[in-house]
Amino acid sequence: MFAASNAWYTYSGNDNDTVLSSRVRIVRNLKNYRFPPTLDKDEAETIYGTVVSAFQNLPPIDGFHPIRLDTLDAIARKIFEERNIIPPNLDRNFGMGVIVRDDGILSATVNVKDHLRLSAFYAGFELQKCFMLGKNIIDKLAETLEFSAVQDFGYLSSDVMNIGSGIKCSVLCSLPGYSLTNKIQEKIEALTKQNFEVHAYYAQNTKRMLGYLYLISSKSAAGYTDEVQVGTMMTAIRALVNEERELRDSLVKTQLWRIQDDVIKAFTLAKNAYLLDVKDTIDFVFKIKLGINLGMIEGLSTEACLALLYQTQTAHIAFLMLNGTFHLEEPFQMDELRIERIRAILVQEILKRAELRIQSSAKM
């Protein structure tokens, strides 16, 4: 499951020059039970068994696998965190679990903040596909599970922002056009006024932004139907994609040397580094991705860049080490160094066939 070559993030998706991935999460709670933060152990176990049984009654083609959180070791739990399936630092284990499809496109948590949180992931700009897939499963589950809802408010949740449709949409975007033209803050403010949340990727304990990456999410599930909420976000992101492409085109015309310098440095350092930490890897990979999108790098795909975002995370690498996938040419005494060495090898293996296609010019 963790090392699957058919993981959702290895596939192509629409508009993936800008939108790296899409996610739709649907929240539901069972009628006549308290929310997870106040559950006792017996209630939590009853809910867990009820939800798992409902998933197991789905057609076999859906291929879901339940996993109790209290059976996971630290590395497996961290992998689920890195894939954004469970939140970090959960303070209890009883009655909690994840239910995952083999390819990871669909996953659910049980008794993590709500009784059921079902997520659908796709690479690229695929919010509609995420929504349709997740809604189909929720509708099937509703045939055997009685969900908690109130006529005037909609579906209930432990989080007031999820009350209503229970839908939360999000997209992970790479926005070098907005970032390098200093228009990103203006765009964030505009999206915030449209009831969206925007979070940038920053290096820990610094103000250094990584890879021009931004997570854009719907803020509230209240007030509109799920179809309207998904459609509203799709309209906003479509406009963002078009504007981002226009800004990149303007960068090539006005700041070509700067872009070439960023791409060449990132490509050269990533291809020759002996050790790579997470923050440098993210930064290098998505500057390289910009080079791909602008025709400055050949032999490498946008899909490979997205895959590296997950495959080079610490727990994913630790999993490969424990399973004997990598044998280093010389011993390291520190686990952190060993992981950084493997991360560099992973990146360089992907870059092996990539080539710079930048013509030097004295004119601007």
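Residue numbering: from 1, along the chain as shown.
Cβ coordinates are placed from backbone N, Cα and C, and glycine is handled just like the others.
Feature annotations, courtesy of TrEMBL:
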- 21-25, Arg117, 168-172, 199-204: ATP binding site (BINDING)
- 18-247: domain 'Phosphagen kinase C-terminal' (DOMAIN)
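Annotated features, which come from TrEMBL, shown on the structure.
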residue : record           : DSSP class
Ser21   : ATP binding site : strand
Lys168  : ATP binding site : strand
Ala200  : ATP binding site : strand
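Looking only at the binding-site residues Ser21, Val171, the densest Cβ neighbourhood within 10 Å occurs at Val171. Listed binding-site residues: Val24, Ala200; maximum Cβ neighbour count within 10 Å falls on Val24.
The local packing around Lys168 (ATP binding site), expressed as other Cβ atoms within 10 Å of its Cβ over all shown chains, amounts to 23.
Across the domain 'Phosphagen kinase C-terminal' (18-247), the model assigns an average pLDDT of 91.
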